[in-house]
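J.: Below you'll find the structure I mean.
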Amino acid sequence: MTIDKSMMPGSSGPLEASSKAEVSFWSNKYVLGLTATAGIGGLLFGYDTGVISGALLYIRDDFKAVNDNSVLQETIVSMAVVGAMIGAAAGGWINDVYGRKKGTLLADILFIIGSLVMCIAPDPNILILGRVFVGVGVGIASVTAPVYIAEAAPSEIRGGLVSTNVLMITGGQFLSYLVNLAFTEVPGTWRWMLGVAAIPAVVQFILMIFMPESPRWLYMKDKKSKAIAVLENIYDSDRLQEEIEQLADASRKDSLSGKIVSYLDVLKSKEIRLAFFTGAGLQAFQQFTGINTVMYYCPTIVQMAGFSSKQLALLLSLIVAAMNAVGTVIGILLIDKCGRRLLALASLSGVFASLLILSYAFSLQSKTVGATLGSRAGWLAVAGLVLYIAFFSPGMGPVPWAVNSEIYPEAYRGVCGGMSATVNWISNFIVAQTFLSVVGLVGTGGTFLIIAGVSVLAFLFVLCFVPETKGLTFDQVERMWKDRARGSGTAAKTS
Ligand code: BGC
């Protein structure tokens, strides 16, 4: 009796990664350059979502209407996320029809217009308009950058390269806090904080003009010689041959190759439904396990824990953001070694434990009237926050983006990646909009306990549904979904 390991949820079974002429992370300067250029999209994603909390303090000083109206404040913050939902939904289609390169250039134009509009905004409405522009740019970049990187990456380092984009996101958030601190004394404060984001967008626009289109997209669009010319820069001659054969094979087998699939097509085939369920589920769980309650509300949480000084709250937020970036580097180092599943499962276990600590600390704190700086409960809450980030950042930060960049067949990669990124942004919006109300309803301790419950569900989801894609070629991933759709992918098969 033999067990076919490919039929088990976590196994890629006989689909073992090719070992021919393996490329290491640092050895291919061309792919690294392409990743860094595409990653500027991640930097802008992180910067534009991170900068607003600090900028808002000064916008309130300049516009009385904003100061007096909390709905207006929430609108300024959340319109970028609404824009990102639209950008992510449209971005998948733009990627498929016009290519990854044009998708990136379009996002840059939106970033530049949005940043400049915000910088000169004469009133809150124009400011909100600028936030929408920037948000749409963030949404398009959030879909395009991971796919563009994944399609150029050798499969054995794909996870690390796509996670580099996540490092740019967390780095961008950290940078936004630093920039906020730097401009507090400069006349124009928030106008500079929001306006400087145009600079990386201009840099990316110029660099992108010299970058190639994605070789896989070119091949799918029947521009084979152009695709091969790009691949020649990535692989040595042996491996090049192998890659071209795989591409030719995939496009022969794929009846949709070169065609534009619609959003509805995703629901028509079982294997695509399965893949989308997995990808979108991961994206939703990334948000519902609370990362942005920590990123957006860190100073508030620190103050809730009894540390009333604004400076200390901001300093601790800066430390949390720095830890998030350092943790992502650890994720980059691990993702192609231990695989996506193990990393996500270990991350969720730690996240669960940290949330329990946070919940306990806040329930203690609510019993101690007037908790003061240095109280046991206050420090326990800070320890919980730090542990949360230490566990989240290497796993649940990069894994959903990496998995979504690699689990869909070529013809669906844009559209499915876009749809699942939209799920990420919608979930982000729900969590950000409801966090403080839920705290009002069940207390901070109760809220973290609910999120801890969600992290258990997320663990079970990864355990049951997420396949291991470490080192697999796109073709192997596609075959794996076909096997699963045939009903052979959910249980161990014996013969
Ligand atoms: C998430 C963002 C989050 C960031 C925090 C990313 O992977 O998608 O929503 O703000 O990580 O580090």
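These residue numbers are counts, starting from 1, taken along the chain as shown.
Cβ atoms here come from the backbone N, Cα and C positions, even for glycine.
Note that this is a predicted model, so its numbers are computed, not measured.
I grabbed these lines from TrEMBL:
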DOMAIN    34-470  domain 'Major facilitator superfamily (MFS) profile'
TRANSMEM  30-59  transmembrane segment
TRANSMEM  71-93  transmembrane segment
TRANSMEM  105-122  transmembrane segment
TRANSMEM  128-149  transmembrane segment
TRANSMEM  161-183  transmembrane segment
TRANSMEM  189-211  transmembrane segment
TRANSMEM  312-335  transmembrane segment
TRANSMEM  342-362  transmembrane segment
TRANSMEM  377-403  transmembrane segment
TRANSMEM  423-442  transmembrane segment
TRANSMEM  448-466  transmembrane segment
J.: Any chance the transmembrane segment (161-183) and the transmembrane segment (342-362) have 3 or more Cβ pairs under 8 A, given the pairs are 6 or more apart in sequence?
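T.: Counting Cβ pairs under 8 Å (6 or more apart in sequence), the transmembrane segment (161-183) does not reach the transmembrane segment (342-362), since there are fewer than 3.
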J.: What residues in the same chain, six or more past the boundaries of the transmembrane segment (71-93), come closer than 8 Å to it by Cβ-Cβ distance?
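T.: Answer is 48-49, 52-53, 56, 59-60, 65, 103, 107, 110, 124, 127-128, 131-144, 260, 263, 414-419, 421-422, 424-426, 428-429, 432-433.
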J.: With contact taken as 3 or more Cβ pairs under 8 angstroms (pairs 6 or more apart in sequence), are the transmembrane segment (105-122) and the transmembrane segment (342-362) in contact?
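T.: No, these stretches are not in contact.
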J.: Apart from its near flanks, which chain residues at least 6 from the ends of the transmembrane segment (30-59) lie with a Cβ under 8 angstroms of it?
T.: 23, 66, 73, 76-77, 80-81, 104, 107, 111, 124, 127, 131, 134-135, 137-138, 141-142, 144-145, 148-149, 152-154, 157, 161, 164-177, 179-181, 184, 189-190, 193-194, 197, 200-201, 203-204, 207-208, 211-212, 233-234, 295-296, 299, 321
J.: May I ask which of the stretches 189-211, 342-362, 377-403, 423-442 has the most CB pairs under 8 A with the transmembrane segment (312-335)?
T.: 377-403
J.: Would you kindly list the residues that approach the transmembrane segment (342-362) from elsewhere in its chain, counting only those six or more residues past its ends and only Cβ-Cβ distances under 8 Å?
T.: 282, 289-290, 304-305, 331, 334-335, 377-378, 380-381, 383-385, 387-388, 390-392, 394-396, 399, 443-446, 448-449, 451-452, 455-456, 458-459, 462-463, 466
J.: When the pLDDT values for the domain 'Major facilitator superfamily (MFS) profile' (34-470) are averaged, what is the result?
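T.: Averaged over the domain 'Major facilitator superfamily (MFS) profile' (34-470), per-residue pLDDT gives 92.
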